[in-house]
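Data block below; observations after.
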Amino acid sequence: NGAVPGERGKQEKSVKRGNWGNQIEFVLTSVGYAVGLGNVWRFPYLCYRNGGGAFMFPYFIMLVFCGIPLFFMELSFGQFASQGCLGVWRVSPMFKGVGYGMMVVSTYIGIYYNVVICIAFYYFFVSMTRVLPWTYCSNAWNTPDCMGVLDGNVSSQAALNLTRLLNTTQKRTSPSEEYWRYWGRGRGRGWWWWCRGPADAGCSSCRRYVLDLSDDIGNLGEVRLPLLGCLGVSWVVVFLCLIKGVKSSGKVVYFTATFPYVVLTILFVRGITLDGALTGIMYYLTPQWDKILNAKVWGDAASQIFYSLGCAWGGLITMASYNKFHNNCYRDSIIISITNCATSVYAGFVIFSILGFMANHLGVDVSKVADHGPGLAFVAYPEALTLLPISPLWSILFFFMLILLGLGTQFCLLETLVTAIVDEVGNEWIIRRKTFVTLGVAVAGFLLGVPLTTQAGIYWLLLMDNYAASFSLVVISCIMCVAIMYIYGHRNYFKDIEMMLGFPPPLFFQICWRFISPAIIFFILVFTVIQYRPISYNDYVYPAWAISIGFLMALSSVICIPIYAIYKVCGSEGDTLLERLKNATKASKDWGPALPEHRSGRYAPVFSPSTESNLEAQPLQLEKGRSEAAAASPVQGSNGSAHSQDSRL
């Protein structure tokens, strides 16, 4: 378990903060945190778009040189100090703004991520029927452009001409797409284009399904009550699972982190038995080696590794802070990182086997049905499921898998915020009332998520997804690497890891942390800036004021770093600016292992002069001093051995 020989008698658990019940709980929680919705709805799309199997080469190169080193750094950082994303910055107090930036990012992600989970809950509930509601075009909310693959109104001749219809200017809309967003195809026309007034028989039921999308991000419309109810269910589930912190969530992850793999395997076995599945899988894997020389492919690979592992969110530091001090986090970082990437590759087989079957059924190329993001999860894949026998069963399994994948990440996001608050206050009163802090954060998250359940909610959700957690994460991660390796000092950090694990970090990781990983992070930042395009959703282009709000959200996390740095420098001791900078960046006295049993070497407690003078006065009464020394209780030394007070004197 990574324990250092000769330290069996030392306490490994923090009674005040709590610890994981066992190491499996930590590994499963971290896997659930890293393996999220992006592994299912983003990676497969990136893979086929960037050269299929050829994309795997830059993907795994970035995993080895950037993903695993950063993952190991954050785990070791949190485990050594046993503190959340704020407390760890005792290592260099001037950079505590990095921790606040992580909190801001986790807040944004936690708000919109639970809205995605609530939509998955909604689809999960409506799938409990004999016929999926997005199977046919005979519903009140469908438009004349709707054409379902199983619609009874479609004649055999129309089915033969479906390929030609897809290529015409009047684009086919599927029942699953209309069920998802319900927005007319006309320019600037919203739901009212098809519902032409109260006299229309279907108008009363038109404004009923899922998004009921408005025509503009500024037109919030009404709150979608079914989504609001599902959002409440999502937050209640998250709160109940975290009601006792890691003690309760550590038990829940035995199911939430493992069952998605059961569902993936069931869907994979079902998918590869379908006609056209091999075509879809070949479309996913066939290498296009000429694309390897494209810088965009390497940029997408680096970005996907960086974002999918959850680096710079604060969650990795928080989860590792509940480990035992001598846990082998080096081994854990490799296991979790490889599991995350293998899951992404495996999910691609599941997705493209079904999409290949759908493309074969429609007689079109796989690229016509392939999609990513919400378009894949709530439009393309649900439509493909309607082609399967007992389609409600497969739909229930698929959306239940999405719910569990989302919850695994959401647990860590909420725990990151709660742990940061509790550790920062740090007194017994708030530690005993940690459950109420969790409840308060959950209620605040629910209230802030309500606007995302309105008719314009999907616009705001995508705006937050594209801006709140994009380049700001790259900046935070880069500054964290620089602060630890060059401000605190790489030699000091390597000694800390050696004291914790019993061995220094391997030479490869030392080189990556100091040179390679920061360079790759900087490359991701440059790539993100160069490849920036204003956000759009299908045919809707976001207005300038909305994009400005997006940039403000991105800056709100990064701006914490210079603001807190200025505050800390101004409050530090020193006559000159240079002295203030040195004092602000110097590790605080309480930096180091949290438990006294582990504070050895340069972290060993030092006796004050007053204590030493008292001890020196004792031998004046020689006989009494000897008798007291014989009965004195042993004192734990810096090397773990026991000494009496007299022998230490």
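Residue numbers in this text run from 1 along the chain shown.
Using N, Cα and C of the backbone, Cβ positions are placed for all residues, glycine too.
Listed as Cβ neighbours of the transmembrane segment (26-44) (distance under 8 Å, sequence separation of 6 or more from its ends, same chain) are residues 20, 113, 116, 246, 249-250, 253-254, 256-258, 260, 284, 304, 307-310, 315-316, 319-320, 322-323, 327, 332, 335-337, 339-340, 343-345, 347-348, 350-352, 372-374, 376-377, 401-402, 405-409, 411-412. According to TrEMBL, the feature transmembrane segment maps to 26-44 (among others).
The Na(+) binding site annotation in TrEMBL covers G32, A34, V35, N39, S308, N340, L405. Its Cβ taken as reference, S308 (Na(+) binding site) is surrounded by 22 other Cβ atoms within 10 Å in the chains shown.
Under the heading transmembrane segment, TrEMBL lists 56-77 (among others).
The feature transmembrane segment is assigned by TrEMBL to 98-125 (among others).
Here TrEMBL flags C137-C146 as disulfide bond.
Marked as transmembrane segment by TrEMBL: 258-285 (among others). Long-range contacts of the transmembrane segment (258-285) within the same chain: residues 28, 35, 44, 47-48, 52-53, 343, 346-361, 366-367, 370, 388, 394, 397-398, 400-401, 404-405, each at least 6 residues beyond the stretch ends and with a Cβ under 8 Å from a Cβ of the stretch.
Among the features that TrEMBL reports, transmembrane segment is placed at 305-322 (among others).
Panel annotation: around the transmembrane segment (334-359), residues 27, 30-31, 34-35, 39-40, 43-44, 47-48, 56, 59-60, 63, 67-68, 71-72, 149, 261, 264, 267-268, 271-272, 274-281, 283-285, 304-305, 308-309, 365-366, 368-370, 376, 380-381, 383-385, 387 of the same chain, lying at least six beyond its termini, place a Cβ under 8 Å from a Cβ of the stretch. Annotated transmembrane segment per TrEMBL: 334-359 (among others), in sequence order.
What TrEMBL records for 393-414 (among others) is transmembrane segment.
The transmembrane segment annotation in TrEMBL covers 435-461 (among others).
Annotation source TrEMBL lists transmembrane segment at 467-487 (among others). Within the chain, the transmembrane segment (467-487) has long-range Cβ neighbours (under 8 A, six or more residues past its boundaries) at 70, 73, 77, 91-92, 95, 98, 101-102, 105, 108-109, 112, 306-307, 311-313, 493, 513-514, 517-518, 521-522, 524-525, 528-529, 535, 550-551, 553-555, 557-558, 561, 585.
Summarising the annotation, TrEMBL assigns transmembrane segment to 507-530 (among others). Residues 62, 65-66, 69-70, 72-73, 295-296, 299, 302-303, 306, 470-471, 474-475, 477-478, 481-482, 484-485, 490, 494 of the same chain sit 6 or more residues outside the transmembrane segment (507-530) yet have a Cβ under 8 Å from a Cβ within it.
What TrEMBL lists as transmembrane segment is 542-567 (among others). The list of residues near the transmembrane segment (542-567) in space but at least 6 beyond its ends in sequence, with Cβ under 8 angstroms from a Cβ of it, reads 94-98, 100-102, 104-105, 108, 216-218, 459, 463-464, 466-468, 470-472, 475-476, 479, 534-536, 584.
Taken from TrEMBL, the feature region 'Disordered' covers 605-649.
For 635-649, the entry in TrEMBL reads compositional bias 'Polar residues'.
Using a Cβ-Cβ cut-off under 8 Å and counting only residues 6 or more beyond its ends in the same chain, the transmembrane segment (435-461) has close neighbours at 107, 110-112, 114-116, 118, 181, 211-214, 216-224, 227-228, 231-232, 235, 238-239, 242-245, 374, 414, 417-418, 421-422, 537, 540, 542, 546. Separating the Cα atoms of A34 (Na(+) binding site) and C146 (disulfide bond) is a whole-number distance of 38 Å.
Other residues of the same chain near the Na(+) site, with their Cβ within 8 Å of the Cβ centroid of G32, A34, V35, N39, S308, N340, L405, are V31, Y33, G36, G38, G310, T343, S344, G408, T409. Here the C-alpha separation of N340 (Na(+) binding site) and C137 (disulfide bond) works out to 39 Å. Most Cβ pairs under 8 Å with the transmembrane segment (56-77) belong to 305-322, among the candidate stretches 98-125, 305-322, 393-414. With a threshold of 8 Å between CB atoms, the same-chain residues lying at least 6 positions outside the transmembrane segment (305-322) that come near it are 17-20, 26, 29-30, 33-34, 36, 38-39, 42-43, 59, 62-63, 66-67, 70-71, 74-79, 81-85, 87-88, 99, 102-103, 105-106, 109, 246, 329, 337, 340-341, 344, 409, 412-413, 415-416, 419-420, 469, 473-474, 476-477, 480, 521, 524.
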